[in-house]
Amino acid sequence: MSATKLTRREQRARAQHFIDTLEGTAFPNSKRIYLTGTHSGVRVPMREIQLSPTLIGGSKEQPQFEENEAIPVYDTSGPYGDPQIAINVQQGLAKLRQPWIDARGDTEELTVRSSDYTKARLADDGLDELRFSGVLTPKRAKAGRRVTQLHYARQGIITPEMEFIAIRENMGRERIRSEVLRHQHPGMSFGARLPENITAEFVRDEVAAGRAIIPANINHPESEPMIIGRNFLVKVNANIGNSAVTSSIEEEVEKLVWSTRWGADTVMDLSTGRYIHETREWILRNSPVPIGTVPIYQALEKVNGIAEDLTWEAFRDTLLEQAEQGVDYFTIHAGVLLRYVPMTAKRLTGIVSRGGSIMAKWCLSHHQENFLYQHFREICEICAAYDVSLSLGDGLRPGSIQDANDEAQFAELHTLGELTKIAWEYDVQVMIEGPGHVPMQMIRRNMTEELEHCHEAPFYTLGPLTTDIAPGYDHFTSGIGAAMIGWFGCAMLCYVTPKEHLGLPNKEDVKQGLITYKIAAHAADLAKGHPGAQIRDNAMSKARFEFRWEDQFNLALDPFTARAYHDETLPQESGKVAHFCSMCGPKFCSMKISQEVRDYAATQTIEMGMADMSENFRARGGEIYLRKEEA
């Protein structure tokens, strides 16, 4: 029975079983490795794909082989990707960054929660069965101190987080020796700076300049440091979250773990249903990647879903609640200004951003300026105390290609640039959110406008979708736009699943969206010329040409699907060593023919060389030894 046909009770039971039986799992023929740094505790996880040797000659009885190097790849799965680590979702993950945070001596534990809502939830005994058992004692900055990675970077301090990131971004490529694997085409970077080797100092400099962010709330010590910036690998975000009509805490934790397994660099919890607070605590305590939220969603729940009843006080309380739980970045729709709302009147699809529409409705009902804009400096003060990064939301993004690149969209973008400078005054890290629905010929302007007006802060886009005709396939329509804008300089891509515009994604939808977007991000890295990006492609091509089927499966982004498709027509074990596949068969395989041509050419060259030497020998009179003057 498919997931969509299961009853709600069955879905929850299945998710609970997943959580209860969860253990570290490696991909086929892969092993977890760790690269260490100079800072204490800097131990960077990577996945190393083991490859089989290449047959280069010999006889059937005594074949000769040449070893193929293992391929290290970036790994977002955290402890879930290490079979040696015991996983217990009830206890949460190890607090990797806690010693680094404590060693800086600029934070203090809170004896009382700052959020009234949090206090009320903790006092409610009826929530005990839902509550995560090991609730973290939150920290905040000491009086007069700032604890953001941007602050440290501006002070010239290289933090352990920065060293961790430098090692991670290099992807272990210094381990690769083969010239065949290291070969890479020159890229076109559109002004991005892509050093051959990423150092901790380079990371520090990019963060200090505001060109990159490290989302790392001091209350989320379980997270493994990562970076978002156009001079680094293109990252992918996955959205999860329950709603008022579907999903549960168990299912959201399952989606979190599933997302990190398939390559999510960050995860946004967009929950809008009951138990938002409790769901988020479970997610944070079990997440090895940064977690983002849209706080206005929960603030709206607190006023019973009535946008007109929203207040700054309710929103501020929500920020404090989430910051002290450990949320790493907030999407804030502070650029939806009252004067911009009429600009959307002529649009085909109006305002499609949920947060944008909430704030537009509030502005119109009160005929006042957006309170997020009015109180933006106070928002920055809160973020600076916990190192919460700001993701400035595009509440006026286009919801159809007809509305792309219009006056409202770019008016808001320019305001986001103004807000970026204000956030930087408080040493708060910032990225900018972008569209949306944009046809291919109009995509690059989005990147150039953002770089110019938002001062090179990292860009983070939803797609964009390049056509509106394919519900059910919008992971594909948006993947095209995502690859393009990633090439042009977008730092992080928010995935779109096949369920976009149709319903809440399930576990399989999450996987499909992530695989699509990992392809888009990798294609962008290749096009930019990111050092080492082509190594895995070269390894795959070599395995393909040498008919090493197992290696082809294991080098794939999704080894299980690759193997399943192959085995649909050649399921026998002999098919794993055959020098053909079912597409062309044994007589028409182009690569087999190419190998035969290459072997024939090599044989012909040898035979021609021998013939030339024989003729030369006869021309010299058949003497075995030559006189010195003839030699």
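Using N, Cα and C of the backbone, Cβ positions are placed for all residues, glycine too.
In the record from Swiss-Prot, residues Asn239, Met268, Tyr297, His333, Ser353, Arg354, Gly355, Asp394, Gly395, Leu396, Arg397, Tyr460 bind substrate; the candidate from Glu222, Glu313, Glu418, Glu433 listed for the same site is Glu433. Each of the binding-site residues Arg397, His437, His501 was scored by the other Cβ atoms within 10 Å of its Cβ; the lowest score goes to His501. Around Gly395 (substrate binding site), the same-chain residues six or more apart in sequence whose CB sits under 8 Å from its CB are His333, Gly335, Val336, Ile351, Ser353, Gly355, Gly356, Ser357, Met359, Ala360, Glu412, listed in sequence order. Checking Cα-Cα distances from His501 (Zn(2+) binding site) against the binding-site residues (Asn239, Tyr297, Arg397, Tyr460) with a 10 Å cut-off leaves nothing; none qualify.
A C-beta separation below 8 Å, combined with a sequence spacing of at least six in one chain, links Asn239 (substrate binding site) to Val267, Met268, Leu270, Cys494, Tyr495, Pro505.
Asn239 (substrate binding site) carries a strand DSSP state (E or B). In this structure the C-alpha atoms belonging to Arg397 (substrate binding site) and His437 (Zn(2+) binding site) are separated by 8 Å.
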